[in-house]
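Okay, structure first, notes after.
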Amino acid sequence: MSYTELESGYQDISQQHQQQNPHQSQPQQRVGFYLGLQDGNGDTDFGDSNDGMDSDTSTSSSNSKQVVVGICAMAKKTQSKPMKEILTRLGEFEFIKLVTFEENVILREPVQNWPTCDCLVSFHSKGFPLEKAIEYAQLRNPFVLNNLHMQYDIQDRRRVYAILEKEGIEIPRYAVLDRDSPDPKHHELIESEDHVEVNGITFNKPFVEKPVSAEDHNIYIYYPTSAGGGSQRLFRKIGSRSSVYSPESRVRKTGSFIYEDFMPTDGTDVKVYTVGPDYAHAEARKSPALDGKVERDSEGKEIRYPVILNHSEKLISRKVCLAFKQTVCGFDLLRANGKSYVCDVNGFSFVKNSNKYYDDCAKILGNMILRELTPTLHIPWSVPFQLDDPPIVPTTFGKMMELRCVVAVIRHGDRTPKQKMKVEVRHPKFFEIFEKYDGYKLGHVKLKRPKQLQEILDIARFLLSEIHTKAHAEIEEKESKLEQLKNVLEMYGHFSGINRKVQMKYQPKGRPRGSSSDDTNLAADQPVEPSLVLILKWGGELTPAGRIQAEELGRIFRCMYPGGQGRSDYSGTQGLGLLRLHSTFRHDLKIYASDEGRVQMTAAAFAKGLLALEGELTPILVQMVKSANTNGLLDNDCDSSKYQNLAKGRLHELMQNDREFSKEDRELINPCNSKSITQALDFVKNPVDCCHHVHLLIRELLHIISIKKDDPKTKDAILYHGETWDLMRCRWEKIEKDFSTKSKLFDISKIPDIYDCIKYDLQHNQHTLQYDQAEELYIYAKNLADIVIPQEYGLTPQEKLAIGQGICSPLLRKIKGDLQRNIDEVEDEFMNRLNPHYSHGVASPQRHVRTRLYFTSESHVHSLLTVLRYGGLLNVVTDEQWRRAMDYISMVSELNYMSQIVIMLYEDPTKDPTSEERFHVELHFSPGVNCCVQKNLPPGPGFRPHSHGDNACNVSLQSSDESNPARIEEENDSNSGEEREGKKRGTSGQRSTDRSAERISPAFGFNRLELRSKQFKSKPIPIGAHHTVSGHEAMDLAKRLNEELASHQQQQNQQLRPISPDIRAVTPDCEPRSRSFEQRPTSGVCAKEPDSQVSVSVSASVSSANASTSSRRQRHSIAGQMSYMKMLGFGGFSKKMATSANSLFSTAVISGSSSAPNLRDMITVSSSGFGDVPPIRPLETLHNALSLRKLDSFLQDMILAQIFKTPTGSPPRGFSKNTLPAVSSMTLTASNQTEVVEHEPISTTVTPTFDRRGSESGSTADAHLRLLSESQCPNLDDSNTELRESLAGKMELWPQDIVKAAEDEELNLSELETKPSLDLTMEIMERGVAGIASIQPMNRDSDETMGGGVFLSVCEEQGSGSTCLTPVSFGMDLDLSMVANKGSITLSMEGFDDDEDATLSAATTPSLLADCEPRLESCYCCPSHAEAPPEVPSDDPRFGFALPVRVTQASPEHARPVRRAHDPVSPRIQKQISLFEGNAAMATGQEKTESSGSVGGGAILHASINLPAAGPHHLRQDARLRKFENLTQSTSNSNFPFESNTLKRVPMQTTKDYDNVSHTQSCINLKSGSSGVLGGSPQRQRGSDGGGVGASGVPAESREPTRVHYGRMNSTCCSASASPSPSPGALIVKERFIEPPKRGVVRGYHGKTQSMDADFLFNEFLLLPAMAPAKISFDSSDIDQASDDDSPSSSKQRHA
């Protein structure tokens, strides 16, 4: 029987009784105090007492004996409101009579004169004579509610902790410093800068210092220097303060204290109030340690929030109540690290301001007293039914979706310019410091702590004094730098540990020289001694403006949570829902920040705004912000910096050409065709001229600074953030020197610094500086920076993706986990949140919202954006929302301060839990703060200034171009009331004014009516609508939007694009309807400005049977540019959609509305908001119809993806032959038009084999056939159905592994975008089964076969020799050990189990070695790239080609010669292996074999791989060897992977046993005439060697006719040096390739389909022989090129 049923029965009996005795029950109107009464809904209601039901005792005579309850406490307590409330309710019990002892009596009268009572409620407070109360209890022997003797213990924190420990209750680690003890061992204290040692126990800061007396509330918390130092001093509340921050960092020297670890509690404390062992009321309040500001409600009471305790906490509450023998007892809980700790026991105390608690408490106490005393006093009282706990009443969900998770990645706020100075030092004092901090172990030291910086400062002062007293040449040379070192270290008067750092690096042979500002007085021939390079870094601190931005953004963020716009329950502020959520533990908030001070302070300021905190940032930082560098989450020291440097090198070389950018230059600099970069290139024209102009402007600026510095009127002027004229001059002088190098070239890497500095000075110092050309310098620097900064993260999409994945893989993994945990959570564990009785305005009290905020620097924002943009999340062709989003991102020129990417996960509990519509994901992005200056716009079509949304901000554009009028305010579309509503705009500076006032200004220079008539309305896609937009709905939405756009395209073709204001209103009443792309001349603009958003898609492998669903799931890759959330407001949908996200986001971009920001013009706005704090642009919704499954699989692919490749997912193994899965291919962006053009065919070789997985091969063949027939030619019309049928007929001939390689290498094909004219067709040649050879796998009995190859070659129109572009390739350093190698592993990782805790550490991706520096060339011909570029709709003429496919029969003699596993190892491999083992001796003596035809002693691998001695053939498997070694190395997590018994050689049959497998690991392109990678001399490579097997594995007699053609198909691709002009498609850069970042093996979470054992690895990577064509069909045109084609035609082989 349930409690409810019992209660119901009990009530029925009582009511019948009342009806029988109406005369008795009528006069008694008192409330009955019983637990578990029922409300009208049939739910058990703990708190409803006024239900008209009387106490059972109503039948008794009112004259019978009563229980006398004596209240013995100080008057201040007995007269307090909570006590009065409870006593009033207790007095309503018929059998209870209350007697309150007067304070005078208690203090002055002997206990004999005190009133007598049956039950004593007595408790200690300041001034209370506890000993008299004990004496009274012994005299009268009443029933004592709270044990009096134990109240002595409660007054001593040492005893409290001892009792808690004895009961097994968790408490913080602590130690007692007892200065009163005679034993010196009890008061040993050693204090250091960042820790104290108490009686031998060390406490690192932050720690807590508590007086041993519980009556002393002066508790101090000490902070570490890394967070700014100082301490927070807590005290009993005085007014609205409960603590204050103090800069004092030293502990107190008098008195006895308890020292304990500080527990990070996310800023809230839980206060628990027991009433007996079975009842506990808990509430949360803001921790006094956070900011010391007491939150009070409108009545001035401290705001507290009810909390539901979890099971373990209820047990703690019971234990505390019983251990201290206090029926009524309060104690403090800290929830930290997943546990609950008791940190204080307060004894008798009541909850304030909770009527519900007063009811409960009086009921429980009354019943407890009566139950105890009525039997002895013979009172006829029957015990009512009781419930231990109030039941949980879940609220109904309704139609709104429930927000479950918010993940945001946010860049830090406005900062001072970062500055750096290097100086070479040799003084012994520096070496002493270096040694002291273990510099010789690592080769470098980082000094950040105040004490360390003080030591460096002391040395600098000492050396400077030495210089002045006695000249010393070595020191003198550095005087200016030492002076600067001293000035910087003395700058703020104190060291806080977050704004300066010194690094020292050991240079055994002195320091290599760099730019002109380096100290370079040493002669070149001077003998060099070891030295230290001292690098001083300062600046880069968060400015006050940055703090305001972050705080305001935090405040805005509140509004996206449930109840954010609802009624104001407590403080009347916006975003209240979040504050309640947080304080009631329904908000699971974690804030991570990388370790830079500016990032941490941004995070703290954001938390301050988000949670409405006050006070200093240091305490908030310590409690709320977790450092993400402990787990490498936001670490910047990742390997991809090496590859970034190589990309930078290529970019910088391209920017050194002293000529206007040619078409080729543009294609090389901006292969992704980003609109913002195109725009900047148009402005810059000649990069050298532009740099020269910038240099001149900087010199002028320096001249002005020197004048102002000496001018008596201005020399004392205070610059922003306390900077002096001297410091400003030093800053600009260093930039000026560094920018212009000794060779008279410009150092392009300084452009970001120049832009940084001028942006800072223009925003903060222009009023003092008054430099007339500041804006001009800003504009030039910005345009240069718009090219340099984004392209330093890679030029091509593949480079960008590779570098991006290298930087943000750990973060992606964490985000994936954040989203996943919401689905998997166990309900029981989360029952510790909001009491449902208080859940007004919150969707469901038992659930919680997970918020994860990651604050980081620009690199992570860029990387995450790149991964979203190019990783293949959605398809720009089929997904209209995504196309618009990508367009928008392409226009974003800069990821400014406070840029954000936000992912929001919603759940619809009404949907089936397994349905894809259950969880719904939205993706938002903001480019951060606005630029700080209005600037001229380059003339040209499509540019139109936009409004700031505020008439007062109207600024005229200084533009001579008539089509560039002054700023045009937002159009007022008077046709629609809804639209008028949507035009409300506000700025941050106007938050206090009426934001809903419309600000419409007249048009300037435009016929507004004409514009309006051309406008059309598209319904915005509402965010947070009443149902999930997913499945077919998303497709319909996109289709509808498309049709609307299409219907208006023609008339808008010539029209200029309007731009929305960057500001949107914050108020929930203002829902601006934004219409960004409505007036966009979609087809026209696209045609003029092709933007190849090349997104390399991850194939979703879903059944094509459900066409619409599958196409939806395969939408293309995310362009997620991180941007600032506009602090000021956001817009986007009608009021009937009002949900938690209401008015927070703009859906302008995806809904195709006219107010979407058009960032192409890079317009900046005048400062608005807080003085000179520019406002933040709104979060634009990139997509609001994503399914969680889609996003999850995308993140999984990105985490597992091999660098440089798009992670193409493979089709699921084992579906039947008649289901052909649709596999999405790489899609080059964009438009709805496709040209299909016939061209001459190119030849393709397909070698079918049996798949070694047996029966699976047929089904996967279907998939791959479809891959080649459909994804490569998606737009072939019906005339090509014959082709498809003929392909279908051959599907059995397609081996899984071949096309797997094709899928894996898909990404390289995207490079086709680099040249407009490519003739591509495909000819598929079959082979008979006769040509199939087999492989003997290790430890297998059966012969299973594997092999085959798919090749493409490209025939260019000019016939200038083939080209090969490996977009991001491998570093060729011979001295790089394998451990350090980062190549690209091509194993598809889908089959491995996911290990959530796996770390991305082990190197799995080796580099390939070469004898020479390769050129970067363009390759569509390598076997591994076994696919032609896909046919996609595109408005870019470069992609307007068709790909006819011709199937021809190949004869069996095309079988290729085979390489056996026991063939000799090439010397290159040998060298690599010996390097890996650190055994240099092994490498010697191998070199000579390269010039002969065979390898002699190169067969040694590692002792544990038992390969036979040299044979007649070359083992061309180094790629797989290294891949295999590194893979096993990473899977075993050991330095060297092999156990000698793991891999045993099985004797092989003959060479004919294998088929050659020809898949390049990467196209390594070698210079002409150099020795081949795979062990052949140049002569042999050119075919001059008479016998044996050539480098390509072709018999000598057949080599000559085939080499030319195959050179393009299989080789390292004829280099550009062989022909005078680069071939179309070639990207020729002389730098070496970019190495990919190190990747670890991460296991997939799908079913385990392949065991990752040694056999599998060995077979998969090591024993698959390389393959080359014996005879290949070729055109006569190929032979013509034979004489030109002089480069080696061997390619590193690998099996995908």
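Cβ coordinates come from backbone N, Cα and C, glycine included.
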Point to revise | Swiss-Prot annotation, phosphoserine - which of S25, S915, S974, S988 | key: S974
Exercise for review: Let me know which member of K253, K271, K363 Swiss-Prot also records as binding substrate at the site of K76, K77, R236, K237, R285, S349, F350, V351, K352.
Suggested key: K271
Review point. If Swiss-Prot marks one of S926, S1001 as phosphoserine, which residue does it mark?
Key: S1001
Review point. Where does the phosphoserine label fall among S58, S1255, S1492, S1691, going by Swiss-Prot?
Key: S1255
**Study point:** Candidate set S287, S809, S1060, residue annotated phosphoserine in Swiss-Prot
**Key:** S1060
Study note, to complete from the structure: Secondary structure of the region 'Polyphosphoinositide-binding domain' (394-465) by DSSP, residue by residue, totals 29 helix, 23 strand, 20 coil
Study note, to complete from the structure: Across the region 'Polyphosphoinositide-binding domain' (394-465) the predicted model averages a pLDDT of 83
